[in-house]
Amino acid sequence: MLLFDSHAHLDSISYPKSVDISNVIAVAVDLKTSLYFSYYSSLNQHLKVYPFVGLHPWFIERNFESDLNSLRQLIIESGVSIYGIGEIGLDYSRNANNKIDQQACFEAQVAMAVEFSLPVSVHCVKAFNDLYSILRPSRVKGVIHSFPLRQHEAKRFVSLGLKLGLNPRILSSNLTKRHAFYQQFPLSVWVVESDFPNLNHHNVCNDPRLGMLALIKDLALAYRISDEEVAVQIYNTTQQLLMSH
């Protein structure tokens, strides 16, 4: 069974070797990690790494306009070695005082993704309405990462053609409600992620393989198909996000 990790952080720790995981999207959070990823088409010999670059809302500085200019130049100079823009988005849980800056920075990066025909990996906490307002006119493709059990918001983003990223955090929710949530959508809506190395759930112990296999099994139970069928669909969905590259 081949797995495609749609969201991981590889700038400070080596991704564990696994016979199952063959591909991983490595997201950046600031200009430093974006620069780091731009020089590497593959950070591990045992898997294919797809680098994304971007400015995460937690790390937006007062001079973010300068960082945006540097990011744009980085994409131009790196060419085909950059596969997307992320991790970008809005997060009002930590600092509600910089909402305007967050929105401006996010909107600029979405526009950049459209300009260069790149997918996005999007972070959102307590900001779904503003996020939707920015994404709706752009028609950018990509993933809302670590999507919570929120049906109304899910329907809005799916209507824009975006994919929803599941990580093992969702497995702590009520099983009946969770499976009913999945079943509102076709399987092709979902991708799975480890958010490595930021996750330690249900004895996953930061092993991305265990977390993603648990998600595959959970989806298989909900859709009443085999684990292998789910894995193939998830793999293909994630691969298709990168097809324009």
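The backbone N, Cα and C atoms fix where each Cβ goes, glycine too.
Of the listed candidates (Glu87, Glu107, Glu115), TrEMBL assigns Glu87 to the same divalent metal cation 1 site as His7, His9, Asp195. Long-range C-beta contacts of His123 (divalent metal cation 2 binding site), restricted to its own chain and to partners at least six residues apart, with a cutoff below 8 Å, comprise His56, Pro57, Gly86, Glu87, Ile88, Gly89, Leu90, Asp91, His145, Ser146. For the recorded divalent metal cation 1 site, residues His7, His9, Glu87, Asp195 set the reference point as the centre of their Cβ atoms, and the other residues of that chain within 8 Å of it by Cβ are Ala8, Val27, Gly86, Ser121, His145, Ser146, Glu193, Phe196, Asn198. Ranking the binding-site residues His9, His145 by how many Cβ atoms sit within 10 Å of each one's Cβ puts His145 at the top. Taking the Cβ of His7 (divalent metal cation 1 binding site) as reference, residues of its chain lying under 8 Å away and at least six apart in sequence are, in sequence order, Ile25, Val27, Gly86, Glu87, Ser121, Val143, His145, Ser146, Gly165, Asn167, Glu193, Ser194, Asp195. When each of the binding-site residues Glu87, Asp195 is scored by how many other Cβ atoms sit within 10 Å of its Cβ, Asp195 comes out lowest.
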